[in-house]
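Q: Here it is, the structure in full.
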Amino acid sequence: MTTKMFYDKDIDTKPLENKKIAVIGYGAQGHAQANNLRVSGFDVIMGLRPGKSFDSVKKDGFEVYSAAEATAQADVVMMETPDELQAAVWEKEVEPNLKAGSDLGFSHGFNIVYGLIKPNADINVMIIAPKGPGNIERRQFVEGGGIPSLYGVHQDPTGDTAEVAKAYAKGIGSGCAGILETTFEEETTEDLFGEQAVLCGGLTQLIEAGFNTLVEAGYSPELAYFETSHEMKMIVDLIFEGGFEKMRHDCSNTCEYGEMLNGPRIITEESKQGMRDVLKDIQDGTYAKKWLAEYNSGLKDLEKMRTEYKSGLYEQTGKKVRAMMPWISDADKYSTAADTEQFSAAK
């Protein structure tokens, strides 16, 4: 099946014009989307809980209200709080104040797909899912570009929800990169699988396993870090630009032969079965139940794992290596103040 890609020239922003947009939450995506929409000429207000971010958003020049107050004023409400908090914010503040015929948007379908949020039938429900972190989304926009987004419709009582979703995606800058249609279920399943099996879970385990293999064999941790982690960005950039073909073309013949010969020794049938098991847990709701139970228990296991990883040799070596290259930190100029503060504290 061929998926149509929409660009700026294909999308009319009129369905979103003259509508007040309330972005609920000012984390990475909320920050990027609200700022990009405002620059694109849309009427944006923020809905937040009192706290540091409330004051930070005011300094950024937005009108700031509670989530309930922002929802009551808005025609479009975009849920940008963390997945694990959305159901509570929805139940207490958004649902009681959402007008019939309003557009309710999400950047990830978790709460809709797993039944944690169930909007009334008279509410338009859409997804606009940027395919990248918020700071990159903001950076690309400021530099004149954008990142691709997916859009989809869950409920459409007014008949124009898809057009509103595409206009929103254009407003955050995705029209110059490409906008693709999806469904809530497809976006949620593929996003969770990609994160867990490949982009984050699979990749971090692969990198650390390679690092440990070299160190255990007596090689320098710093050089092992360069070989298994630091160079990863350059290899991924080649794949990003031209797929595996460009990566193989730009690497040596020695590298290419070794990659094709020995790659299957690393990603074995057992690894592939593990991926299928991860996918099944996402599809049948097992992972969602585990994650919500973990959150409701106070994140004890997650905090334990975070502590273990931070104290490990790989992370400690990475800090030493990155300290030798201070220019690396200059690349991250578009995180929210809260993100930067949290990351600095973690370091």
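Positions of Cβ are set from backbone N, Cα and C atoms, glycine also.
The active site annotation in Swiss-Prot covers H108. If you look up Swiss-Prot, you'll see Y26, G27, A28, Q29, R49, S53, D83, E84, L85, Q86, G134 marked as NADP(+) binding site. For D191, E195, the entry in Swiss-Prot reads Mg(2+) 1 binding site, with the evidence type sequence analysis. According to Swiss-Prot, the substrate binding site annotation covers S252, on the basis of sequence analysis. As annotated by Swiss-Prot, domain 'KARI N-terminal Rossmann' applies to 3-182, with the evidence given as sequence analysis. Annotation source Swiss-Prot lists domain 'KARI C-terminal knotted' at 183-328, citing sequence analysis.
Locate each feature and note its surroundings.
A: A sphere of 10 angstroms centred on the C-beta of H108 (active site) encloses 21 other C-beta atoms.
For the recorded site, Y26 (NADP(+) binding site), the DSSP three-state label reads coil.
According to DSSP, D191 (Mg(2+) 1 binding site) is assigned to a helical segment.
Secondary structure from DSSP puts S252 (substrate binding site) in coil. Sequence-distant contacts (6 or more apart, same chain, Cβ under 8 Å) of S252 (substrate binding site) do not exist in this structure.
Averaged across the domain 'KARI C-terminal knotted' (183-328), the predicted model reaches a pLDDT of 97.
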Q: Between the Cα atoms of E195 (Mg(2+) 1 binding site) and H108 (active site), find the distance and write it as a whole number of Å.
A: 13
Q: Measure from the CA atom of D191 (Mg(2+) 1 binding site) to the CA atom of R49 (NADP(+) binding site) and give the result in Å, rounded to a whole number.
A: 27
Q: Check the binding-site residues A28, L85 for other C-beta atoms within 10 angstroms of each C-beta and report the one with the most.
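A: Its Cβ has the most other Cβ atoms within 10 Å: A28.
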Q: Whole-number answer please: how many Å between the C-alpha atoms of L85 (NADP(+) binding site) and H108 (active site)?
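A: A Cα-Cα distance of 13 Å.
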Q: Looking at NADP(+) and its recorded binding residues Y26, G27, A28, Q29, R49, S53, D83, E84, L85, Q86, G134, figure out the farthest C-alpha pair and report it in angstrom, whole number.
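A: Greatest Cα-Cα span of the listed binding residues: 20 Å.
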Q: Roughly how many angstrom lie between the C-alpha atoms of G134 (NADP(+) binding site) and H108 (active site)?
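A: Rounded to a whole number, the Cα-Cα distance is 13 Å.
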